[in-house]
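Scroll down for the structure; my scribbles are underneath it.
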Amino acid sequence: MLDPKFLRSDIETAAERLALRGYKLDVATINALEEQRKVLQTRTQELQAERNARSKAIGEAKRLGQDVAPLMAQVGSLGSELEQCKKQQDEILEQLRQIALLVPNLPADTVPVGKDESENVEVRRWGTPRQFDFEIKDHVAVGEDNGGLDFATATKISGSRFVVLKGQIARMHRALAQFMLDLHTQQHGYTECYVPYLVNADSLLGTGQLPKFAEDLFHTAINGEGDEEGKVRKFSLIPTAEVPLTNIARDEIYDEKALPVKMTAHSPCFRSEAGSYGRDTRGLIRMHQFDKVEMVQLVHPEKSWDALEEMVGHAEKVLQLLGLPYRVVSLCTGDMGFSAAKTYDLEVWLPAQNTYREISSCSNCTDFQARRMQARVRGADSKPQLLHTLNGSGLAVGRTLVAVLENYQQADGRIEVPEVLRPYMSGLTHIG
């Protein structure tokens, strides 16, 4: 959430910057509410001063033995009006808050300006795409030929956009996640976490999925027990482990010496893919359920931009060790996620599609999520201030499996196991 004081005091600047990402701020409504708030605030201050004066007069009248009933009646009337003014102020502040919850983060000055993904800017490339001397198969054909991808059975069990992984390909999927976790915890300084896959609305509000993106989530509810007996407990399945990991900081104040806090988790992710009808209907690219290794950092505000570059490097290292060609792209203003001030995407080379596809997004959310969560940091001689949050995929496990199946396919139909995965697969060198 943006700073409400900034929205009220410099709304034109906010509107201009938000317009760069295709968001039209309702300036007229905010200004009208702000004018009402100012009028009520002024009236509240006048009433408080008048009531204080009447209260002093009552004390003086009592001292002189005068009748205080008229003054008491006046104070009572002032009190009623004062309470009404405060109530109206609170209602207006809540209206402003609800508007603010729907406003995305401001793009950083270094973000390229553009309308959509076609205007994203390539930053660098790593690796050279392999030249095949046989007809390339896509990951679906490679996986099915090796008995490891079963979409038909998953459709019977659940419907479209699900898969059953089997045998050595299921094992490779597990190996990829273990490899990523080991890399991030042993070399990059992250603490591994196991997190809830069901979260409450406050958590989703904190990271920015709610209230705007409720249709992208899967929701469920159960009857409460214990102190909550008779109530309905509502949950949503996590769209990413970013949600529970980042919310660890909700309502917390960290000593600045404890930062950065770096956390990672392997979890399934659940997305309705609303608005994606007809896109990537074949294969593992766009699923309702997929696994991801997530990275989250909580950092001092002065260090978040360096932390973003570091996090991108951590995601890149996974691809480099797997020997998968990729490129790094800076998302333009019109393609960034709701909570991000700046985002880099890593796109891996998929030979069957003859293109690069997203496999990781790394974002600096500055104080946008922290303000919603009241996640703060305090120095030795300073008041608590909002910390900065960052998140990144390190990586999407299913899409990494796709990249391995396509880039490591062999002419005889087998799949070579990347060298860094072999210790996780009992030394296996090939599948098939």
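Each residue, glycine too, has its Cβ placed from N, Cα and C.
Annotation source Swiss-Prot lists L-serine binding site at THR240, ALA241, GLU242, GLU294, SER393. Counted within 10 Å of its Cβ, the other Cβ atoms near GLU242 (L-serine binding site) come to 30, all protein chains included. The DSSP secondary structure for GLU242 (L-serine binding site) is helix.
Long-range Cβ proximity for ARG271 (ATP binding site), meaning a same-chain Cβ under 8 A and a gap of 6 or more residues, is found for ASP216, LEU217, PHE218, PRO239, MET287, HIS288. Among the features that Swiss-Prot reports, ATP binding site is placed at ARG271, SER272, GLU273, GLU358, ILE359, SER360, SER361, with the record citing sequence analysis.
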Point to revise | Candidates GLU273, GLU294, GLU358: member of the binding-site residues with the richest Cβ shell (10 Å) | key: GLU294
Check your understanding: Where ALA241 (L-serine binding site) and SER361 (ATP binding site) are concerned, what is their Cα separation in Å, rounded?
Key -> 13
Review point. How many neighbouring Cβ atoms, not counting its own, are there within 10 Å of the Cβ of SER360 (ATP binding site)?
Key: 28
Exercise for review: Looking only at C-alpha atoms, tell me how far GLU358 (ATP binding site) is from GLU242 (L-serine binding site), rounded to the nearest Å.
Suggested key: 17
Practice item. Excluding THR240, ALA241, GLU242, GLU294, SER393, please set out which residues of the same chain place their CB within 8 Å of the center of the CB atoms of the L-serine site, keeping sequence order. Key: VAL243, LEU245, ALA265, SER267, CYS269, LYS292, VAL293, MET295, VAL296, ASN391, GLY392
